[in-house]
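Novice: Sequence annotations record features per position, and here TrEMBL assigns active site, proton donor to TYR49. The substrate binding site annotation in TrEMBL covers HIS111. Among the features that TrEMBL reports, domain 'NADP-dependent oxidoreductase' is placed at 17-299. Feature annotation from TrEMBL assigns site 'Lowers pKa of active site Tyr' to LYS78.
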Amino acid sequence: MASIVLKRTNQKMPVVGFGLWKVTKSTCADTVYAAIKSGYRLFDGAGDYGNEKEAGEGVRRALSEGIVKREELFITSKLWNTFHAKEHVNKIAKKQLDLWGLDHFDLFLIHFPIALQYVDPSHRYPPEWWGDDGKTVTLANVPMQETWTCMEELVDQGVAKNIGISNCSGSIICDIFRYARIEPQVLQVEIHPYLTQEPLLKFAKTLGIAVTAYSSFGPQSYLELGMDKGVTALFEHDAITSAASKVGKTTAQVLLRWAIQRGMAVIPKSNSPDRLVQNLQSEDFELSEDDMKAISALNINLRLNDPAEIDPRMAIFA
């Protein structure tokens, strides 16, 4: 399996992983187990997804049956916004490890560069964006430097082998690099043909930060949430279907290959066993330069995951 070598640790991060966002609790353990049997080695989770315990059950089943060894897996999780303060980072990271039933994360990311008021996990977990009323967003005055220093301590303690950031733009990344003792190894951001993010990709490459693209299928991931913005599905777009017919691949495989050829890792999910395998088979072909350009030309700077739509005070991409 193709991989990206991380700068500080030289650890290999698989290019195609399995994303755990929106994987339901009731099926998550079986889905993760099936994905491992299908060949997946990277699993991208988060405290906010609410399924870490179940994902861990799937991992441990595969480990106990000898299907895979722990060192062959690359497990990612993320720090939620309510736990940015120095007194909470370490505790919640260890709680998340306990949920997974593991002794370390391969990668631990700051989910958003947004600090929210602390919510005790015993009261509500995952806490999501809002207070108990389900409406009010309460920001917290926690600077990124405080949070990043605690992330570095997770590496010192062996809780995480690598640390990184998600949903961060250039200015935040610049800020972190001013004081980082351990630099971010990975940047995870929304990237698809409707949001190609060339300047951010170039910036990350210059700094030696590996990039993982999420929402590779664009609006498809947001249909059930009513957040697809009414645009044409990428699976149906002429530039995608034309490229797929030329290489004899599915439109999903073309979208993943487009990202991989741009130097990124991808983390698609699927509940279909056939599509699970198909998504992994996005490394064994090349898109032509003309098709790459045609797909990139679909860019309309359409951001589907924007916290500013929840509260304008969280306009991190403004």
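Using N, Cα and C of the backbone, Cβ positions are placed for all residues, glycine too.
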Novice: For the domain 'NADP-dependent oxidoreductase' (17-299), what's the mean pLDDT in this predicted model?
Specialist: 96
Novice: Excluding near sequence neighbours, so keeping only residues 6 or more apart in the same chain, what lies with its CB under 8 A of TYR49 (active site, proton donor)?
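Specialist: Result: LEU20, TRP21, LYS22, VAL23, PRO126.
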Novice: Please list, in sequence order, the residues in the chain of LYS78 (site 'Lowers pKa of active site Tyr') that are at least six apart in sequence and whose C-beta is under 8 Å away from its C-beta.
Specialist: GLY45, ALA46, GLY47, ASP48, PHE108, LEU109, ILE110, HIS111, SER166
